[in-house]
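Engineer: For reference, the structure I am asking about is given below.
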């Protein structure tokens, strides 16, 4: 009699658990695919310096930067229109038509831009040491990025396509790395790396086209205008962000040397790596933060943001130590100066990530135009300082980027408080800045890897103790109980 009453709830719970587990699995697969797609430069970090000189690395960095800014213009951030207009469409047939319209618009823009750029490359003089073929290869690769972004974004909107997206990214990345290594072994020049990128882009473009079963059609003027008007502010925001993170490469190439830029490129990889390591916290916190404010849990939201700042500070010290170990032990001596550059870049990246944690009030109040204004002001500060400090060479770049990010952080805090008063602890930010700054200075002064690792462990222990203060009572209690259990297990094994 009682058996059915007992089993039915169990089935419902199990079904919910399985659905939740599947959703978490898909989210993890999408995250892995995204990281793989964005971290090809990190995967190649131990390889490229053994085949390319610092001058060649600097040349590659300038070509890559040209590709980045051109990609922003070519793609026009049309993948954002997919989320806004296509992803929310309920009718399957209308959704398919809208997807094909958006994709066709992307292909049309890519074809037009490719024709114009290739014509300019053929007619205009190319400065030394670059060649026409290098710019042509970069152009052919970047014009596909907009369509690829739409394809990957469309797969991310479908939970059952997580494994498909992961397969595409893993396969093309492995083939790209394999080709580049083989090509560099036979022909150690920049063009080998560029062709590897082109092959990967073509493979992704064709593969995604087949998977998503696009139908090319002439874009409707009304829809195209709607998509472009929506995406224009997003694209402009990305271009402004490029001034804070990317444009400095051109200043280094113009005011220092390609060799200096090549060493700088190695240091940037570690800075980017730190930002990637922040993503797990961001993926957990970003979807939840507005719910905290909606429910009146302002102090809780600030507390978690403070923990995020401590986490970022600890990462800056850990990555600095890792950079010291990797660069001095695994890269040629011509790149060892990248250790010093990394120590300058990590505080800049730290400030950037802090700004992302402080903008919670601005986004909650939907003042996105204010964020654009903050980025514009910070970009002008960066460009002005880059020109004003050009005589200092690479160190002028570090100073300019640091104060630009500091300006962005200060403006984000001030504007955020105008939107919504949140009890952020400025004293904590100052303390974290001092702790991480002293740790980075000590790492630079250390005479051995062992001392550097000891400094890293001590600093992280200090930051962990600071983090405990900002944990909730429940978290502190659970942590204390876990420590007691762990200590008991250690005693048991020792006996």
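Note that the numbers count up from 1, one per residue, in the order the chain is shown.
Quick reminder: no glycine exception, Cβ is built from N, Cα and C everywhere.
This is the feature table in TrEMBL:
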type: TRANSMEM; residues: 28-48; note: transmembrane segment
type: TRANSMEM; residues: 60-82; note: transmembrane segment
type: TRANSMEM; residues: 102-123; note: transmembrane segment
type: TRANSMEM; residues: 164-185; note: transmembrane segment
type: TRANSMEM; residues: 191-215; note: transmembrane segment
type: TRANSMEM; residues: 227-247; note: transmembrane segment
type: TRANSMEM; residues: 259-286; note: transmembrane segment
type: TRANSMEM; residues: 307-327; note: transmembrane segment
type: TRANSMEM; residues: 339-364; note: transmembrane segment
type: TRANSMEM; residues: 376-404; note: transmembrane segment
type: TRANSMEM; residues: 424-443; note: transmembrane segment
type: TRANSMEM; residues: 450-471; note: transmembrane segment
Engineer: Could you check whether the transmembrane segment (164-185) and the transmembrane segment (28-48) come into contact, where contact means at least 3 Cβ pairs under 8 Å with the two residues of each pair 6 or more apart in sequence?
Structural biologist: yes
Engineer: Using a Cβ cut-off of under 8 Å, list the residues of the same chain at least 6 residues beyond the transmembrane segment (307-327) that approach it.
Structural biologist: 45-46, 266-267, 270-271, 273-274, 277-278, 281, 285, 335-336, 338-339, 342-343, 346-347, 349-350, 353-354, 357, 428-429, 432, 435-436, 439-440, 443, 449, 452-453, 455-456, 459-460, 463-464, 466-467, 470-471
Engineer: So, do the transmembrane segment (259-286) and the transmembrane segment (227-247) meet, by the test of 3 or more Cβ pairs under 8 Å (sequence gap 6 or more)?
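Structural biologist: Contact between the transmembrane segment (227-247) and the transmembrane segment (259-286): absent, because fewer than 3 Cβ pairs are under 8 Å.
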Engineer: Can you tell me which parts of the same chain pack against the transmembrane segment (60-82), counting only residues 6+ beyond its ends and a CB-CB cutoff under 8 A?
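Structural biologist: Contacts of the transmembrane segment (60-82) (Cβ under 8 Å, skipping residues fewer than 6 from its ends): 48, 52, 99, 102, 105-106, 109-110, 113, 117, 130, 134-135, 138-139, 141-143, 145-146, 149-150, 152-154, 157, 190, 193-194, 226-228, 230-232, 234-235, 238-239, 242, 246-247, 249-250, 253, 258, 261-262, 264-265.
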Engineer: If we call contact 3 or more Cβ pairs under 8 Å (sequence gap 6 or more), are the transmembrane segment (424-443) and the transmembrane segment (376-404) touching?
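Structural biologist: Between the transmembrane segment (376-404) and the transmembrane segment (424-443), which are separate recorded stretches, there is no contact, as judged by 3 or more close Cβ pairs.
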Engineer: State, in range form, which of 28-48, 102-123, 227-247, 450-471 has the highest count of Cβ pairs under 8 Å to the transmembrane segment (376-404).
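Structural biologist: Result: 227-247.
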